[in-house]
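Record features (TrEMBL):
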- 17-35: transmembrane segment (TRANSMEM)
- 74-92: transmembrane segment (TRANSMEM)
- 113-140: transmembrane segment (TRANSMEM)
- 160-180: transmembrane segment (TRANSMEM)
- 187-207: transmembrane segment (TRANSMEM)
- 244-263: transmembrane segment (TRANSMEM)
Amino acid sequence: MINHFKAEFYKLRHSKILITILGVCAAVIMVSFALGDMTFFGAGDGTESVIGFQAKCYLSSEIPTFQTVARSSLAYTAFFWIIGILSATIFFTKEYNTGTIKLSVAYGTKRTILYYTKAITILVVSLITYLIFVATFFVIEIIQSGYIPTASEVINLLGWALACGTVLLALESISIFLCVVIQNTGIVTGICCLYVFSGASVYLMLWSDMETVSIPLKFFVYGNPMYYWMNFSSCRTMGIIEHLPFYFIGCISLLIVGGLIMIRKEIK
């Protein structure tokens, strides 16, 4: 099993996918310098959005607060999930599209081992890359704002980043499941984008009155990654974090179902 993980990490390290991920991340960082203050999918009253992704929107540039620095560091999660989905679907379907996975199966490697080692590799690399992504923006914000965080504040930011990263892993689990069922990068990416953007649109309309909305709409919102990202990236966890384990377990269950389908699915 360890050798299979080494093989998957080797494939990823020497593929163009990792270079593309790093290149796009660098491009997002450059865009952040060029555009300055930004708000994505934001809603609320007052000078700060209550939910959404908000970067460099300081109430006072002379006296920045930890919350504004943290929100700026997490704001670009609004872009990173697209990078994660594309890299996950391309890396997972590459060997199926080229047909090279047949060789591994022909040499006696179990399909479940191939499936889970590839899936876990994708998830681990995505989480590590995302945490580095957030840490990079945090350092940039500290330098630009001059704010010096305490150790407890850094731990708080790490907690929010891990919560956002957990949601990213859940979404990628859905995309991997869809890859097994559909085996088409374009269709899977399109479905995931529609799923995420529709969730953001619906939540923006309902967020201030969630207690009174119908049960089906609540399930749709609570089962959408944007519900969590738009709150965690706003440093809001109370009443939100409780739903995360159910969402994560549900998505991981799909990943397991994908493994069961993989056993019976014909490899073309």
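Here the Cβ of each residue, glycine as well, is placed from N, Cα and C on the backbone.
Note: TrEMBL annotation is automatic and uncurated.
Keep in mind that this is a model prediction, so the values were computed, not measured.
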Worksheet entry | Intrachain neighbours beyond the transmembrane segment (187-207), with Cβ under 8 angstroms and 6 or more residues off its ends | 41, 43, 50-51, 81-82, 85-86, 89, 93, 171, 174-175, 178-179, 213, 217, 220-221, 224-227, 230
Item to complete: Rank 74-92, 113-140, 244-263 by Cβ pairs under 8 Å to the transmembrane segment (160-180) and hand me the top one.
Response: 244-263
Worksheet item: Other than its close neighbours in sequence, what residues sit by the transmembrane segment (74-92), given a CB gap under 8 Å and a spacing of at least six beyond its ends?
Response: 11-12, 15, 17-18, 20-21, 24-25, 28, 32, 38, 40-41, 53-55, 118-119, 122, 126, 130, 133-134, 137, 157, 160-161, 164, 168, 171-172, 175-176, 179, 185, 188-189, 192-193, 196, 225, 229, 232-233, 235
